[in-house]
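According to Swiss-Prot, the protein has these features:
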| type | residues | note |
| --- | --- | --- |
| ACT_SITE | Glu80 | active site |
| ACT_SITE | Asp108 | active site |
| SITE | Arg195 | site 'Important for efficient shutoff activity and nuclear localization' |
| SITE | Lys198 | site 'Important for efficient shutoff activity and nuclear localization' |
| SITE | Lys199 | site 'Important for efficient shutoff activity and nuclear localization' |
| SITE | Lys202 | site 'Important for efficient shutoff activity' |
| SITE | Lys203 | site 'Important for efficient shutoff activity' |
| SITE | Lys206 | site 'Important for efficient shutoff activity' |
Amino acid sequence: MEDFVRQCFNPMIVELAEKAMKEYGEDLKIETNKFAAICTHLEVCFMYSDFHFINEQGESIIVEPEDPNALLKHRFEIIEGRDRTMAWTVVNSICNTTGAEKPKFLPDLYDYKENRFIEIGVTRREVHIYYLEKANKIKSEKTHIHIFSFTGEEMATKADYTLDEESRARIKTRLFTIRQEMASRGLWDSFVSPREAKKQLKKDLKSQEQCAGSLTKVSRRTSPALRILEPMWMDSNRTATLRASFLKCPKK
């Protein structure tokens, strides 16, 4: 699973997922399913905000990356992917500026057009079940919830899907592709079922033991783009690189 994640997701997303797991004391070598889930959630959050801006009239517009309109305001503020301290700093700043009610839990995005925080969910289960779990946890009508599944289903607060149909279709297509690629590598069942995940982990550990005697040369290269952008990747151009380089899963 770890190899699959590194092949199929943008290196910057992988880096952010690694940092998130390290912050919470989780080992990605063991919790590979969580590693994949975090990367998937991050990518959906970035895709959700992709190309969406607010013009001078306060209207939401879609602008392609090649468009020279750099002065347009991003419609969405990305909160997910930041360390907790910085994330809460951003949330507090938004609340002070807009008058929005401070959420109890860290949300994923803020929508400047609708003036609301958004919680994004990506589930391997039924969307309505996951939606209810999110709603029960958040317990706030102020935070908008939008759930996507790997089967193309979605559910949102008051059936308000925020984005246009084409933007949502991009997200659904990407999730379906991830599912298909996992399935082609025999990883999907373990990703969905914790019991299957434990079996897969035992197989992986056994395989590692068998290979322990052989020397392996591992590349530890750091992406030049990541060196340049970090820690500035969340500035006004924070998603430019990500927009241009979402990686497709290579063929098996």
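From the backbone N, Cα and C atoms, a Cβ is placed for every residue, glycine too.
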Rounded to an integer, what is the Cα-Cα distance in Å between Asp108 (active site) and Glu80 (active site)?
5
Other than its own, how many Cβ atoms are within 10 Å of the Cβ belonging to Glu80 (active site)?
22
Measure from the Cβ of Asp108 (active site) and count the other Cβ atoms within 10 Å, all protein chains considered.
24
